[in-house]
Amino acid sequence: DFLCISLVNGFTQLRYNLGEKTVILQTLQKVHANGNTWHSLNAGRVGNEGYLDLDGINITQKASPGMNALDTHTDFFVGGVSSLNLVNPMATENEPIGFTGCIREIVINNRELNLTVTDPKGGANIGDCDGTDCGYTVCKNNGTCQVENSGFSCSCPREWTGTTCEQSIHCSQNMCGSQALCIPQPSSFSYTCACALGWTGKYCKNKIKFYIAKFVGNSYIKYTDPLYGKRDLQYSRLSLNFTTNQTEGLIAWMGKSEDEDNDFLAIGLANGTLKVVINLGERISVPLMHSKYFTCSDGRWHFVTVVQNQTCIKVYLDEELIHFEDIDPQKKYTALNYGGICYFGGFEIGRKVSIVTTGLFQKEFFGKIKDVVLFQDSKKIQLMKAEGYNIYDGNSGN
């Protein structure tokens with residue numbers, strides 16, 4: 001199997017083979033070979049239906065019945081290959097030769113590759129391409145880059161300022177402390193300060209300690225499990241106490257949450273009911289709802305424990321077993337590869353719960369969390385030692 005993009009007689013060509021026949025798509029227009037015109041290329045396949053788009057003009061090859069998976073186990077090469085005998089003879093029209101020109105902003109399956117000296121696995125005979133200090137992402141937030149004698153300058157849109165348009169004008173004169181992030185509020189032409197863990201106050205200049213974490217909706221804690229490398233991921237366990245008077249909210253998310261393929265175990269509230277969702281692989285998320293209990297939004301403390309024994313999931317609420325289910329009797333995936341990351345109350349600032357969880361949970365958590373224990377650890381995790389913002393001391397009034 002292969003998938004190959006190449007230049008042929010001035011035209012861009014996509015060729016791929018999923019195990020049966022080689023599909024060939026070629027652009028209608030030629031590429032300008034004057035060396036100073038950038039072209040935008042989108043190419044790929046959905047199943048065995050291919051598409052090739054050069055500068056907005058699309059060519060599509062309709063799918064026919066047959067194989068629809070690309071089984072490749074080689075490295076991903078850009079611009080050339082380490083040895084020409086790696087190239088399938090059907091992948092190019094003529095004898096394969098390396099590319100001469102510039103390539104930037106490569107995005108594979110929605111992930112951008114960093115074309116730097118250190119990020120790729122290897123390479124040879126590569127130089128700086130833009131030839132200017134501007135690059136293609138130097139100026140942030142739609143700023144325009146100009147090359148100057150001393151380097152570059154950015155012309156920024158009205159709402160942004162700074163050498164690379166990285167700062168909102170609403171934050172340019174902010175008084176947030178060093179342990180804070182300035183969050184622009186364009187609608188009121190002002191800003192708010194998001195306080196790092198252990199800090200509070202309007203400008204985050206007051207130091208606090210807490211053992212009970214209070215979440216106010218734009219809060220989150222991200223805990224990195226130092227014992228992750230030693231965990232048996234087929235037998236996971238998460239327990240904690242929480243209290244809230246809200247009917248919706250994400251309480252805990254055990255997983256990296258970087259893309260939709262990541263494994264996770266999630267605990268939250270939906271319609272006032274405890275909701276547990278688990279994904280052990282292949283985007284199969286199994287929501288475990290329990291409708292008998294509508295008392296989780298009553299402002300009282302509740303103790304929840306979720307135990308994963310391979311594909312068998314047990315959920316305990318206030319020390320009563322409320323749910324037991326084998327989510328995959330075939331046992332295709334049996335480990336919770338959570339990457340050593342646990343989120344509480346929400347995700348990083350700017351990442352909405354409803355979007356990150358693809359609608360599994362609707363809102364960030366309002367309430368308090370304490371006594372978090374991972375696996376069979378003898379000690380509770382120290383929430384104070386994690387990363388996070390906008391967490392208040394929940395000890396008062398308990």
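Cβ from N, Cα, C; glycine included.
For CYS129, the partner cysteine in a disulfide bond according to TrEMBL, taken from CYS102, CYS156, CYS165, CYS171, is CYS102. TrEMBL names the disulfide partner of CYS176 among CYS165, CYS193, CYS195 as CYS193.
Remark: CYS129 (disulfide bond) has CYS102, ILE103, ARG104 as non-local neighbours, by Cβ distance under 8 Å and separation of at least 6 in sequence. Long-range contacts of the domain 'EGF-like' (130-166) within the same chain: residues 102, 104-105, 172, 184, 186, each at least 6 residues beyond the stretch ends and with a Cβ under 8 Å from a Cβ of the stretch.
Sequence-distant contacts of CYS165 (disulfide bond), defined by Cβ-Cβ distance under 8 angstroms and a gap of at least six in the same chain, are CYS139, LYS140, ASN141, ASN142, GLY143, CYS154, CYS156, PRO157. For the domain 'Laminin G' (1-129), DSSP puts the residue distribution at 6 helix, 40 strand, 83 coil. A gap of 9 Å separates the Cα atoms of CYS195 (disulfide bond) and CYS176 (disulfide bond). When the domain 'EGF-like' (167-205) is classified with DSSP, helix, strand and coil residues number 6 helix, 17 strand, 16 coil.
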